[in-house]
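The block underneath contains the structure these notes are about, expressed in structure tokens.
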Amino acid sequence: MENGAAQPVIVAIDGPSGTGKSSTSKAVAAQLGLSYLDTGAQYRAITWWMVTNGIDIDDPHAIAAAAGKPDIVSGTDPANPTIVVDGTDVAAPIRTQEVTSQVSAVSAVPEVRARITELQRSIASGAEGGIVVEGRDIGTTVLPDADLKIFLTASPEARAARRSGELKGADVHATREALIKRDAADSSRKTSPLAKAGDAVEVDTTELTLTQVIECVVTLVEEKRAGK
Ligand SMILES: Nc1ncnc2c1ncn2[C@@H]1O[C@H](COP(=O)(O)OP(=O)(O)O)[C@@H](O)[C@H]1O
Ligand SMILES: Nc1ccn([C@H]2C[C@H](O)[C@@H](COP(=O)(O)OP(=O)(O)O)O2)c(=O)n1
């Protein structure tokens with residue numbers, strides 16, 4: 001590359017829960033000086049707002065009618081990603097079991113997806129140095145022209161073991177069941193389901209350490225940049 005100046009690059013990382021999307025994306029962005037966007041945190045944030053404001057999660061019409069109300073702001077520094085709703089830092093409350101169990105229903109509502117997708121595209125286009133965006137439908141729907149698309153996978157056993165390692169005292173079997181249920185809901189919804197883009201590179205992380213996955217993705221980004 002001329003003068004060693006890096007071109008802005010847009011990287012989409014998708015996959016089911018516990019495959020390593022967040023940890024990999026943050027590390028790759030930090031290492032390469034890119035911005036970072038956790039789109040799952042945005043869906044969790046709008047779900048938290050619905051729950052907090054007493055919206056009936058079983059009523060898609062009520063969710064659709066409220067979808068435009070919360071103000072959601074994502075901070076894209078990989079060293080300090082933030083998520084703020086109507087001025088409140090919701091980084092902790094969006095990770096509760098209550099939000100986790102409701103997020104698939106809320107994120108299946110087309111009006112919610114339209115709202116959040118627009119936000120994601122505007123953040124990606126404003127990231128002048130490039131960005132790593134992670135989620136479920138980034139390569140297929142949000143940023144179909146991304147420079148590089150990665151689809152992470154891992155066995156349900158590996159994913160459940162990783163997740164229950166995070167939640168103190170969580171039962172691996174219960175975690176595995178909840179995770180499989182959420183993946184099924186996310187993969188079968190009508191609007192923009194969890195799916196691998198045709199041109200995504202699939203990386204099975206079951207037998208890889210996090211360091212190996214990060215190295216693999218960094219290499220793929222560098223190869224892309226070199227080919228530009
Ligand atoms: N390849 C890996 N090997 C072992 N543990 C991993 C690996 N990748 C991620 N983890 C751990 O698994 C957990 C879930 O990872 P995370 O990045 O949050 O996944 P996702 O964003 O896909 O749900 C974290 O505790 C993370 O440190
Ligand atoms: N691009 C995205 C990202 C997340 N979602 C939805 C579906 C997911 O179950 C939830 C939560 O995503 P998140 O990435 O935080 O989930 P993990 O628990 O990290 O696996 O949000 C989505 O529909 N589309």
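Keep in mind that glycine also has a Cβ here, set from the backbone N, Cα and C atoms.
SER23 (ATP binding site) falls within a helix when secondary structure is assigned with DSSP. In sequence order, LEU210 make up the list of same-chain residues 6 or more apart from SER23 (ATP binding site) whose Cβ falls under 8 Å from its Cβ. Annotation source TrEMBL lists ATP binding site at GLY15, PRO16, SER17, GLY18, THR19, GLY20, LYS21, SER22, SER23.
For 11-222, the entry in TrEMBL reads domain 'Cytidylate kinase'.
Within the set of binding-site residues GLY15, SER17, THR19, SER23, SER17 have a CB atom less than 6 Å from some atom of ligand 2. In sequence order, THR24, LEU152, ALA154, ARG159, THR205 are the same-chain residues whose CB sits within 8 A of the CB centroid of GLY15, PRO16, SER17, GLY18, THR19, GLY20, LYS21, SER22, SER23, the residues recorded for ATP being left out. In sequence order, ILE13, ASP14, GLY15, GLY40, GLU134, GLY135, LEU152 make up the list of same-chain residues 6 or more apart from LYS21 (ATP binding site) whose Cβ falls under 8 Å from its Cβ.
For THR19 (ATP binding site), the number of other Cβ atoms no farther than 10 Å from its own Cβ, over all displayed protein chains, is 25.
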